[in-house]
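Undergrad: Residues or ranges marked as ATP binding site by TrEMBL: Gly10, Ala11, Gly12, Lys13, Gly14, Thr15, Arg127, Phe199. Sequence annotations record features per position, and here TrEMBL assigns AMP binding site to Thr31, Arg36, Asp57, Leu58, Val59, Gly85, Phe86, Pro87, Arg88, Gln92, Arg160, Arg171. As annotated by TrEMBL, Zn(2+) binding site applies to Cys130, Cys133, Cys150, Cys153. Among the features that TrEMBL reports, domain 'Adenylate kinase active site lid' is placed at 127-162. What TrEMBL lists as region 'NMP' is 30-59. The region 'LID' annotation in TrEMBL covers 126-163.
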Amino acid sequence: MNIVLLGPPGAGKGTQAKLLREYFGLWHISTGDLLRKSIADGTKLGSQAKEFIEKGDLVPDNLVVELLKERLAQPGIEKGFILDGFPRNDAQAGILDAMLKKQAIVIDYVLYLEADEPIIIQRLSGRRVCKNCQQNYHVTNMPSQKDGICDTCSGLLYQRPDDREEAIKNRLLVYLRDTKGLVDYYKKQGKLLKVDANFDAPIVFDGLKKVLL
Ligand SMILES: [Zn+2]
């Protein structure tokens, strides 16, 4: 079972990917993680990606696809995977399909996690990060023991600027705009499955299992 995971920021993609990985034994392939790892390992693709990032440019699609290709060529891939972070638009989906076709790999399902704006704002605007060790907290869902202080290192907790309400609304608009073509692309292929992600993670995961099984 090969899955592409889509959904706006705050829909809970990371948590659901983890649950999917554990339940179905799938690989979780996050292109963000792949990029960071290739840069840290100093691979050929990693050093190419680093040049773009250092210039403040986006890493080109073909480079991300090359990284994915390497990852998908590793043994164990037949168990299936969850792809997270790519594609982000219909052009990238086309490039991905062309690459997968050569490797005789098919995307079976595209899961789209849908959550309402007030829920997303509640989730993201409550997020706090430790200035010192980067640990994540949430003011209601996962508070620190002492208000504003990190449990692990006593560092100060702060709200990232893009987790403020206005910034969240803007991130949502950008996401919806950029993924409109992508959603249509997978809808046409008959692979798109929408999942209501307005609930707590275990309930969302139950809904997700229901559409997959
Ligand atoms: Zn800390």
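Every residue gets a Cβ built from N, Cα and C, even glycine.
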Undergrad: Checking proximity to ligand 1 here: which binding-site residues out of Ala11, Lys13, Thr15, Cys130, Cys153 have their Cβ closer than 6 Å to it?
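TA: Those binding-site residues that pass the cut-off, since their Cβ is under 6 Å from ligand 1, are Cys130, Cys153.
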Undergrad: With DSSP, how much of the region 'LID' (126-163) is helix, how much strand and how much coil, in residues?
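TA: With helix first, then strand, then coil, the region 'LID' (126-163) has 3 helix, 12 strand, 23 coil.
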Undergrad: Identify all same-chain residues not among Cys130, Cys133, Cys150, Cys153 whose C-beta atom falls within 8 angstroms of the centroid of the Zn(2+) site's C-beta atoms; report them in sequence order.
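TA: After dropping the recorded site residues, what remains is Lys131, Asn132, Gln134, Gln135, Asp151, Thr152, Ser154, Gly155, Leu157.
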Undergrad: Within the region 'NMP' (30-59), count helix residues (DSSP H, G, I), strand residues (E, B) and coil residues, in that order.
TA: 22 helix, 1 strand, 7 coil
Undergrad: What count of other C-beta atoms do you get within 10 angstroms of the C-beta of Thr15 (ATP binding site), across all chains shown?
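TA: I get 16 for this one.
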Undergrad: What is the separation, in Å, between the Cα atoms of Lys13 (ATP binding site) and Cys133 (Zn(2+) binding site)?
TA: 23
Undergrad: Taking Cα atoms as reference points, rank the binding-site residues Cys130, Cys150, Phe199 by distance from Arg160 (AMP binding site) and give the first.
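TA: For Arg160 (AMP binding site), the closest Cα among Cys130, Cys150, Phe199 is found at Cys130.
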Undergrad: Under 8 Å Cβ-Cβ from Phe199 (ATP binding site), six or more apart in the same chain: what's there?
TA: Gly207
Undergrad: Among Thr15, Asp57, Val59, these being the binding-site residues, pick the one whose CA is nearest to that of Cys150 (Zn(2+) binding site).
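TA: Answer for the nearest of the binding-site residues: Thr15.
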Undergrad: Please give me the CB contact count at 10 A for Lys13 (ATP binding site), counting all chains in the structure.
TA: 20
